[in-house]
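Annotated features, as they stand in Swiss-Prot:
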- His15, His30, His32: Zn(2+) binding site (BINDING)
- Cys26: active site, proton acceptor (ACT_SITE)
- His70: active site, charge relay system (ACT_SITE)
- Glu109: active site, charge relay system (ACT_SITE)
Amino acid sequence: MKTIIFKDFQFEAAHYLPYVPKMHKCRRLHGHSFFVRLELKDKINEKNGWIIDYAEIKLAFQPIYDQLDHHFLNDIPGLENPTSEILAKWIWHRLKPKLSILNTIIIKETCTSGCIYQGF
């Protein structure tokens, strides 16, 4: 039986979406308090009783966080069109090699809108 654990992060960043219609509100420069949830799935280690130390998750995500927090996302290579979907995929490809049991990334731009990415 496998268990899913999660660690949440939040970062502030500005962006705009260059490929939406000119009059669309997301075409203008704006910012968000982005919410990121990393979900990891594995068997519970019988010896220590956990899947992974939460500190290891934070350590693996820290360089990505530093690249995103208080930055203009469109200037980051690979995020020229920084939709929630593309951002989730971008994070996945940087984090999965460090956290092989990464199962899901959830991105929320607002409290009502977001993306769930499972990196198949």
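Cβ coordinates are placed from backbone N, Cα and C, and glycine is handled just like the others.
Predicted, not measured: the structure shown is a model, and the values here were computed from it.
The number of other CB atoms found within 10 A of the CB of His70 (active site, charge relay system), across every protein chain shown, is 10. The DSSP secondary structure for Cys26 (active site, proton acceptor) is helix.
Taking the binding-site residues His15, His30 in turn, the residue surrounded by the fewest other Cβ atoms inside 10 Å of its Cβ turns out to be His30. His70 (active site, charge relay system) sits 11 Å from His15 (Zn(2+) binding site), taking the Cα positions as reference.
With every protein chain in view, the residue among the recorded positions Cys26, His32, Glu109 whose Cβ has the most Cβ partners within 10 Å turns out to be Glu109.
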